[in-house]
Structure formats: structure tokens, C-alpha cells
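This report concerns only the one structure given below.
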Amino acid sequence: MGTRSHYLDLGFLLLLFLPAECLGAEGRLAHKLFRDLFANYTSALRPVADTDQTLNVTLEVTLSQIIDMDERNQVLTLYLWIRQEWTDAYLHWDPKAYGDLDAIRIPSRLVWRPDIVLYNKADTQPPASASTNVVVRHDGAVRWDAPAITRSSCRVDVSAFPFDAQRCGLTFGSWTHGGHQLDVRPRGTSASLADFVENVEWRVLGMPARRRVLTYGCCSEPYPDVTFTLLLRRRAAAYVCNLLLPCVFISLLAPLAFHLPADSGEKVSLGVTVLLALTVFQLILAESMPPAESVPLIGKYYMATMTMVTFSTALTILIMNLHYCGPNAHPVPAWARVLLLGHLAKGLCVRERGEPCGQSKPLESAPSLQPPPASPAGPCHEPRCLCHQEALLHHIASIASTFRSHRAAQRRHEDWKRLARVMDRFFLGIFFCMALVMSLIVLVQAL
């Protein structure tokens, strides 16, 4: 331990009494290299030995964060790290002549930089170059790493909202140099997602790169560019919980109006209340959706549900009118008696009180309302008691006829009420199946 402390003290004394010239040798060599490199250097011209030579630029993009996705204005804001690499023919040296100095870092404004810009930028601000350093190696290789906040146009397709996926392209290319002067190529087949910060609304599926060579109407020479396509899928959990599931529950509640007794007086009120609730959710959905030509999937579901509730409410009103048909109403038509009160009532297990399920009551013919035969005309020649019996029988027959008429009217009223119950049971099954199928179709899209 004492020997180690002795060597440390000796090293400290040597550093203390060394001349400053020895300590700054590397710094002096870097200054000398800088002066030698930039003595006759200009950043205004392409750094190529031959003007006919094409300068190759390699472009690499790292996605760091999705700042904003403005669906209404269709603008995507990203935070990127952009790396550009090229070879400068005038920035090379022999490392042995400069103390094995292999690379230097200098401000990027001092060297020539490719005028690569984002073609589909969505703001009016002029492109600004980041004031970061470039790394220059002894063989002339230049690497420029710069952060950038980009605002690019992105066509948003909301036809499958909230289960939609978007494709947003970022196209980079030279603004003034054609393909014969500057050729840009991507490094690798896709952008890097190693340092990506997860977004709460969007899930990134990838960011493949593709090189294109296009010819524009203004110029005859080709212009190469590199397009990075950002593949996004919306995280739909919040929309499912806040917009979709309430609509599903409400749509399943609407057919239950057919199960309410007609005498409760709440059948129509339930349908109107459900329709108002769907209207409120439709307004909330419209506020969160961008204006578009195509109707989103959830919007179609809302419209289909509102249409179903409207028809169910209208049918409920019709069924209530049938239920409250009075004794003076016409009899149930023969076809309705056979099809609805016969076969359909048996299939739906709608029966009268005391009638077992599955056995329909035989249809009775209307009772005969013929008056009793009149007594022969002329004076009564029978004994007095017989005349009183005939008068009593005549009054009893009249009372029986009135009772039979009242009973027939009551039976007509009961037939209409039974017909209303059959239609209630039938439309309950139909509309509940419709609501269930529509809800399953939408929910399957989330899987």
C-alpha cells in the first residue's frame, strides 16, 4: 500500500512540473490540422474532385417520439434524429502527420452540407439547419447528426375508426441538386426505433424506407428521394370503453321495450330515452372526429342503432294501438287469426291464462245471436201460469242474447290484446338478435 502511494505522489509531481507545451501538444495538432484543412476550403461548392462526379449521401432516421397527430388538419408532428453521411474530397489528412489524430469535431456551418429537406412538410417556416457539430474522419468521411422536429402532411383515413391504421410518409431529398450531382440513399431498410418513446394513442408497427427516382416537369434530370413510411395503429381501448360499449349496452336495452307490459305506460318512453342517449353520444363522437368523406365504422354503428331504435319505437306505438282496441273494434282478420294467433303464438309460447304452453286454444266460432222463436200470435188460451212462463223465458232469452253479445265483444278485445302480445314477443327476438349481431360485428374488429 505504501509503494502504491509513493508512485501516485511521484506521478502527480511529474504532471505538476511538466511544461505546458507538452500538455497542449494534442490541442496544437488539432489547431494545426484545422488551419491546414480550411486554409483554402469553401463550403459553397460540392466537395468533389471532379464536377461530373456524383456525391453519395447516406440518410438514416431514428424515430424518437410522436409529438402530435392532428387528424382534423391532417398534420403529423414527430421528433427525429437525422444522420447524414457523405465523403468530402477536400477534408482528408494523414493521421501520422498529426499525432495519430483520426477525427475532429467542428461546427457544421463550416463544412459543405447537403441541402436535404422534407418534401411534404406542413408548416410555413423555412427549413432550419441544426447548429450541431459534424465528425470529420481522416479519410474525408463526414457524419452529421442533428435532431429535428418535423411537421408533415398525412392523409388520415378514418373509415375504420377507432380500429384504424394510418400510413404517413416522410419524403427526404435534395432541393436543388439532381440525381447526377447528389444521390441520396437510406441506410438499411427501415428507420430505427431503438430510442422510441411509446405513445399513448398510437402504436408504431414499423417505419420502412424506400428509395425513389422521380422526374419532375420543371427539370429533365432525375431527382432521387427517400421515403420513410410510418405505420401506425390506433390504441382503441379508450374509445371502446367511452364510446362503443355504452352504445352496445344501450342498443341491447332498446328491444326490452317489447317486453314491458302495455299497461305500464313506459314502452314508448323507454324507446325515446334510448334514442336521446344515442343522439348525445353521436354528438360527442362528431366532436372527436375529423371531417372526412368516408363515415367511420363507429359512426355507421351509431346510425344503424339509431335506425333500429326508431323502428322499434314506431312498432311499439303500433302494438299499443292494437292492445287498446276497444270492444267495438272489428274482429281479428282470419289470416291473422290463423297465422299469428295460431301458429306464431304456439311457436312463441304466447297463451291465454290457464292454457298450457304449446297447446293453442281451439278457435271458437262466433255465437249465434238469433232471437228466440216468437210465440204464436193470438190470445193465450193456455192457463195463466203458462203465459207467465213464456214471458219469463222471453226475457231470459233477451238477457242471454245481450250477454252473448257482450261476451263476443270482450273476446274480440282479448284477441287484439293477445295479438299485441304475440307481436311484442316476435319483435323482441328480432330486434334483440339485430342488436346483438351489429354489436358483435363491431367488436370483432377490435380483435
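Any Cβ shown, glycine's included, is placed from N, Cα and C.
A disulfide bond in Swiss-Prot ties Cys219 to one cysteine from Cys218, Cys241, and that cysteine is Cys218.
Highest Cβ pair count under 8 Å relative to the transmembrane segment (238-258), across stretches 268-288, 302-322, 426-446: 426-446. Just so you know, of the disulfide-bonded residues Cys154, Cys168, Cys218, Cys219, the Cβ with the fewest other Cβ atoms around it within 10 Å is the one at Cys218.
Counting same-chain residues at least six beyond the ends of the transmembrane segment (302-322), those with a Cβ under 8 angstroms from any Cβ of the stretch are 247, 250-251, 254-255, 257-258, 262, 267-268, 271-272, 274-275, 278-279, 281-282, 285, 295, 416-417, 419-420, 423-424, 427, 431, 434-435, 438.
Note on the transmembrane segment (426-446): residues 160, 163, 236, 240, 244, 248, 251-252, 254-256, 258-259, 297-298, 301, 304-305, 308, 312, 315, 319, 344, 348 of its chain, located 6 or more positions outside it, place their CB under 8 angstroms from a CB of the stretch. Under the DSSP three-state reduction, His31 (site 'Involved in the interaction with the conotoxin GeXXA') is assigned to helix.
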